[in-house]
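Listed in Swiss-Prot for this protein:
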SITE      His30  site 'Important for tRNA non-discrimination'
SITE      Gly80  site 'Important for tRNA non-discrimination'
BINDING   Glu172, Arg218, His449, Arg490  L-aspartate binding site
REGION    196-199  region 'Aspartate'
BINDING   Arg218, Asp219, Glu220, Gln227, Glu483, Gly535, Val536, Asp537, Arg538  ATP binding site
Amino acid sequence: MRTHYSSDVNEKLQNQKVTICGWVHRRRDHGGVIFLDIRDRTGLVQLVFNPESKAFKVADSLRGEYVIKATGTVNLRPEGQENKNLASGKVEIIGEDLEIVNKSKTIPFQLDDFQSTGEDVKLKYRYIDLRRPEMQNKLITRSKAIRYVRNFLDNNGFLDIETPFLTKATPEGARDYLVPSRNFNGKFYALPQSPQLFKQLLMVSGFDRYYQVVKCFRDEDLRADRQPEFTQIDIEASFIDEAFIMSTMEKMIAGLFDATIGVKFDTPFQVMTYAEAMDKYGSDKPDLRIPLEFVNIKEDMKNEEFKVFSGPANDPEARVVAMRVPGGNDKLSRKKIDEYTKFVGIYGARGLAYIKINSLSEGKEGLQSPIVKNISEETLFKVIEKTGAQVGDVLFFGAAKAKIVNDSMGALRAKIGEDFEIFTKDWAPLWVVDFPMFEKDDNRLYAVHHPFTAPKVDTVEELTKDPENLLSRAYDMVINGYEVGGGSIRIHRQDMQAKVFNLLGISDEEAREKFGFMLDALSYGTPIHGGIAFGVDRLIMLLTNTTNIRDVIAFPKTQTASCLMTEAPSNVSLEQLNELGIAVKKEDK
């Protein structure tokens, strides 16, 4: 039907006849001449119909979002009427033939007025919202990114192999989405939370290098950066170590950013241990663009009478830290500090102590804060020296159980960085390594990553000696405070895998029921292997500079995991339920 896309129409086509197809983005009538901006996924082009044109009457009947096909001759625009914002902005098409392919009702919101439109309306009419150029550009970037990744992995010897969607429910952390079986009454498939076990089985099978761009499903409470169904770049390789995965993947990600948005990363990426990340930033995914760090002052506060600090300072499970904000006196009003005090309360902090440094030569008199009178001058200036604070700076303090300090001060660090844009660079990729193998909660061990992650020990005896302090062979890639990928070297021996299940409170019987096929496979000559998975949606959020994951998915769910457009999930017929042997329990009113 068409000869050219809108953005292809330029001065090189002057005096040539072209045919375009698209939507009427805007219609204007100037002195009897009709000007149309025609939109397709590449952009806009101006179409002009003079009164003497045989298609003028049809052009006069057009309204917004009508779908048209038009043929005309490309002319240079009159001098002074060029539009530098358009690829086609130096030319216009003098219309000769015009066909209305389809009319449109008045759309529920104007594409140029999307910011004042509620998200529920935009999600209900998603096919309208996706006509916006900024939305289309995000999905075009997504397509380019996935194509780049596929090409990179193909060129590096990885095989694209599909794994099942209908599989077995296994305890991987979040709840599974279950699919009832019609053939096996009372039994259920589960949609995979990841292809983890299947990709490891492919390594047992000898495929050596695997990848897949795959949908995964998790029935969990949603956040701004979570969806019930999401896309992973899933990767696994055999006869490798951490260095291979990390060097190969950072080349892929560096190339991806360069190819899609022209951003060049220095390689190799910075590597930081989990312990260092938590110690300095209170987060295992620190945003290293922000030049704010924690300074540990626990020892300095142990003998102070100020119980707010000395209490946690003498608690082995607590932390006391200071964080310097350079030039904070000018930035941080009392109102702003009160706002931050409420903010850290979200993370369990009971308050937010601070000191403003007005002078370093007047003792306590040069320090402004309600807490100054409660702490000795010697300790105060020791803390100032430790943090490197100068006149005009502000110190914030965290003193509580380690998790509360890490969560609250880590979030405060990120918020201050964002609020005042105190970034030292645009991009900060890094690897975080040496994660704990397990974490303890309610007197029980849980896997920090997943139960197939290899520990940094080689024998069952070492594994059971001190499991709470074991490190794992896991690694996460972090960019600007987002964990974009996570992986590990896997357990490749049956005895080690069985013992990890035991340490996690999974009995031999339960392990056999849930993972018997995997344990069997590990006894048939399994190579050393490992891999990683990247969240496509989060990567595209970074590449398109958006904070809402729904903006980078064509048809996303709401935060209640529903689709306003299709009205899913929905009721099904009693006949369907009976076929599946399912009875729906009515909610108590």
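Placed from the backbone N, Cα and C atoms, the Cβ positions cover glycine too.
The local packing around His30 (site 'Important for tRNA non-discrimination'), expressed as other Cβ atoms within 10 Å of its Cβ over all shown chains, amounts to 8. Sequence-distant neighbours of Arg490 (L-aspartate binding site) (same chain, 6+ residues apart, CB-CB distance under 8 A): Gln200, Met203, Phe452, Thr453, Ala454, His529, Gly530, Gly531.
When Cβ atoms from all protein chains are considered, those within 10 Å of Arg218 (L-aspartate binding site) total 21, not counting its own. Distance noted between the C-alpha atoms of Arg218 (L-aspartate binding site) and Val536 (ATP binding site) is 15 Å. Helix, strand and coil counts from DSSP across the region 'Aspartate' (196-199) read 4 helix, 0 strand, 0 coil.
For the region 'Aspartate' (196-199), the model gives a mean pLDDT of 97.
Note: the CA-CA distance between Gly80 (site 'Important for tRNA non-discrimination') and Glu220 (ATP binding site) rounds to 56 Å. Of all residue pairs in the ATP-binding list (Arg218, Asp219, Glu220, Gln227, Glu483, Gly535, Val536, Asp537, Arg538), the one with the greatest Cα separation is 20 Å apart. A sphere of 10 angstroms centred on the C-beta of Gly80 (site 'Important for tRNA non-discrimination') encloses 5 other C-beta atoms. Recorded residues His449 (L-aspartate binding site) and Glu483 (ATP binding site) have their alpha carbons 13 Å apart, per Cα-Cα distance.
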